[in-house]
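The structure appears below as structure tokens.
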Amino acid sequence: MHTAELALSLLLVVIIVVSLLSNVLVLICFLYNAEIRKQVPGLFILNLTFCNLLLSASSMPLTLIGVLSNAHPGGHIFCQVVGFLDTFLTTNSMLSMAALSIDRWVAVVFPLSYHSRIRHRDAVIALAYTWVHSLSFSVVAACLSWVGYHQLYASCTLCNGRAVNAKTQFAIYTMVLHSLTFLLVSVVLCVTYLKVLKVARFHCKRIDVITMQTLVLLVDIHPSVRQRCLEEQKRRRQRATRKISTFIGTFVICFTPYVITRIVELFVTEPFNPYWGVLCKSLAYSKAACDPFVYSLLRHQYRKTCSDIINRLLKRSSPNGSGHQQENGKIGRAKEIVKDGEVEARFTH
């Protein structure tokens with residue numbers, strides 16, 4: 001086995017393990033915490049987790065086998081089923097990310113009317129659309145025999161037809177598929193999250209003004225408390241940009257190389273380096289390992305749920321002692337100024 005094949009195999013193993021463990025953990029948190037289940041975004045996260053788990057259990061292991069053996073993994077029918085799932089699950093997960101971004105945009109830009117604008121019925125309708133959209137493209141590819149083993153990606157996925165007419169149709173299908181999934185979702189993510197960032201920066205400036213005015217009035221405040229307020233002010237300005245960059249950046253980094261390679265492949269005759277194809281496919285797979293952290297596990301509600309589950313398994317009580325609850329009076333007054341509870345909670349939602 002070449003060094004490149006070994007490195008790609010190790011990368012796929014890490015992606016599979018992380019994806020399975022993290023998505024299972026998100027599913028456990030969803031089942032354990034009733035508050036998460038009541039929230040509208042929980043439905044989108046559940047659908048995204050479901051897609052990532054199936055992708056991690058079906059397409060990823062077969063790609064690993066294809067890299068290790070340099071051969072077709074499984075029979076033709078089995079590979080067609082896996083290729084169908086690969087198209088369906090990838091498309092469905094992309095659309096779920098777009099639905100989550102729209103939900104966050106409404107929560108931040110219209111906080112007072114959020115619950116009237118986004119209800120469980122609306123979420124169910126949005127999820128129904130993602131399934132119909134994904135199934136439509138997957139069924140068309142399966143009916144036209146456009147799914148099978150692709151040597152470049154060492155996986156069961158979309159592949160070219162042999163006849164010239166079939167190749168033209170496949171090229172049109174591929175362009176439409178990526179335009180209505182990757183390109184559409186990219187535009188939705190950029191528009192919604194940049195609007196969220198604009199609102200977050202506006203609130204940060206407003207809080208900064210109030211904080212500075214109050215620090216001037218609190219002449220008796222301790223210098224260390226004043227310094228902490230100023231540091232929190234600086235962190236708040238960076239927090240919104242960092243979160244938005246994570247949401248958009250992970251999507252672009254993981255899917256762009258694969259989508260571009262897919263499109264360029266339609267118009268060139270020279271073969272690609274097979275290691276490049278597997279690397280692009282692995283990057284696309286890595287989004288399934290990133291999603292649990294980007295959308296769930298790094299949020300306070302999920303971290304607290306994980307902590308509660310661990311404490312329950314270890315039969316420990318939650319650390320809610322008075323030593324963790326009480327703070328100095330002046331520190332409390334300063335923190336009331338530095339925080340904007342409603343906007344911060346909705347933005348991290």
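Including glycine, each Cβ sits where the backbone N, Cα and C put it.
Because TrEMBL annotations are produced automatically, they should be read as predictions rather than curated entries.
Not measured: the values here are computed from a predicted model.
Listed ranges 44-68, 94-118; the one TrEMBL annotates as transmembrane segment is 44-68.
Per-stretch counts of Cβ pairs under 8 Å to the transmembrane segment (44-68) identify 6-32 as the leading one among 6-32, 126-150, 170-196, 244-264. Contact between the transmembrane segment (126-150) and the transmembrane segment (6-32) does not hold: fewer than three of their C-beta pairs are under 8 Å, each pair 6 or more apart in sequence.
Residues 94, 97, 101, 158, 174-175, 178, 182, 185-186, 189-190, 193-194, 196-197, 272, 276-277, 279-281, 283-284, 286-287, 290, 294 of the same chain lie 6+ residues outside the transmembrane segment (244-264) yet bring a C-beta within less than 8 angstroms of a C-beta in it.
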